[in-house]
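Report on one structure; see the data block that follows.
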Amino acid sequence: MTRKYFGTDGIRGLVGEGPITPDFMLKLGWAAGRVLMDRFDGSNMILIGKDTRISGYMFESALQAGLINAGVDVGLLGPMPTPGVAYLTRTFQAQAGIVISASHNSYVDNGIKFFGGNGTKLPDDLEDLIEKQLEQPMVTAEKLGKAKRIQDASGRYIEFCKGTMPWGFNLKGMHLVIDCAHGATYNIAPNVFSELGAHVTPIFVDPNGTNINRGCGSTKPEALQEKVVELGADLGIAFDGDGDRVVFVDHKGELVDGDELLYIIAAYQQEYAGGCDGVVGTLMSNFGFELGLKKLGIPFARAKVGDRYVIEMMRERGWRLGGENSGHIVCSNVTTTGDGIISALQVLLAITTLGQKLHKIKKGMAKLPQVMINVHMAKRADLANNETIQRAVKLTEEKLGGSGRVLLRPSGTEPVVRVMVEGEDKAQVKELAQELASVVEAALS
């Protein structure tokens, strides 16, 4: 079916514009409650968590009212990282978990994503059923649900994160600068790392409802890079607004992205954890990452962009590790979804076990220069059948001479086409990416 609301990562958009409005959220809560209660037996509870956007409070109330109207009991978690909602949904044996967040976007956006009772994102068929239910008139259940606050939800998640580490693991003597993006990890991540013994300098931990991701977090790590060098810290760690992404900064202030972090975790597993059966990346994963894994004898496969597709391929192949260069990393041996804090702990475990600085470990793989440019598009476009664009793509590939890649990918969450060019020569890659982006922009205008 053609989807009206759900994208690749739930429902997302500008607050106040359809469907990101209180009246829609009321109806969405009711529709989701009806579908999930009709489909499953057992728990009658659905959990709701959110990041720190000011609009999250009104959407929480609207969803809560809709769910209660459908006869569903609601557990309110308050500010909670997206993976924390997934974890608590499992441990409470809830019917589902709902996250109110627009991830790394500005506060003017918000969105909704659902987790099933097993802590994984809802399959497409259930999202389709919710869309169908949204077309029906809202009817009040004979028995209304109830709502309650879940006590010490943050503390439960903190203990879970620490519990994923082997007995005796500690970070004593390590100075970490933690950038929480004024987001959902602000009161959780610093406690996890400090309780494991690290000296923690937290930054961007003062959310006011409108400053989430503003000049900070995993997509804007420049301030973190400066702070690590200024303080002479060992490492910097940056999360995005909802805590499912992570990137590192080494002691020299150099950024370490998701591909490099995945490589480090895989190298650790291969040598110290009984081997790494394989790693799932995406179409955007750097070719140098693939070559680095090949040197270690670790299989690699590419999924479509989006953590749900990474997780699907991991399940299909029976592999335990996957992720994206943006910092979405999934370690399925310890959790069910992308989790910034858990992934950071896995990297720290690798660093402490290997006994080397991050700056040195990451050099095991040599990234190829990669340039990505976002081109705005007013409406969805058929890139594959646009002759002008395809001629430009072919010409770019010819200029790379078989030593690089070209990828055009419409974003699943924003009205943009991502133009990516990868190759051996940085100057050439930048020039070709700009030329191709100009052609795409002209063709879509």
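The backbone N, Cα and C atoms fix where each Cβ goes, glycine too.
Summary of the site annotation: Swiss-Prot records Mg(2+) binding at Asp240, Asp242, Asp244. Screening the candidates Ser103, Ser106, Ser403 against this entry identifies Ser103 as the one listed for that site. In sequence order, Asp51, Pro81, Thr82, Ser101, His104, Gly183, Ala184, Phe239, Gly241, Gly243, Arg245, Gly340 are the same-chain residues whose CB sits within 8 A of the CB centroid of Ser103, Asp240, Asp242, Asp244, the residues recorded for Mg(2+) being left out. For Asp242 (Mg(2+) binding site), the count of additional Cβ atoms within 10 Å of its Cβ stands at 35 [all protein chains shown].
Here the Cβ of Asp240 (Mg(2+) binding site) has 33 other Cβ atoms within 10 Å, regardless of which shown protein chain they belong to.
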